[in-house]
């Protein structure tokens, strides 16, 4: 006979309480940490898509690159982005990977996109480049004016 199950005739001191089962709450239960579920930014993307859909944006074809000029002279460059836009509400959305580049890296291709602020920084850049070229040219001229070293056993005079 199982000692945990009392008989009808046994005294109350012989009663063994049943084993404790795990309870989820209440007195005497340990506190457990709540595991937080990390959500992706997919929810933000869905909200953005819904907001753009309300504005009735349409995909715009034929855009090969997008350049955003920053105040410090750098450019955020998007190559082959997907562009959606709503012209009446003046709202545009860019999809793609943007790279931060210096203005000098993109100069020949973006001259027609430059505004007055960017043109001023480009002029300063050109002046500094010309100064560097002059300094390097002066050094070369100094080296060319020197008399070359003699080479033993060689005669550079031409015999006619």
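The backbone N, Cα and C atoms fix where each Cβ goes, glycine too.
These numbers come from a predicted model, not from an experiment.
Within the listed segments 89-124, 125-160, TrEMBL records region 'Disordered' for the stretch 125-160. Taken residue by residue, the domain 'NAC-A/B' (42-107) breaks down under DSSP into 18 helix, 29 strand, 19 coil.
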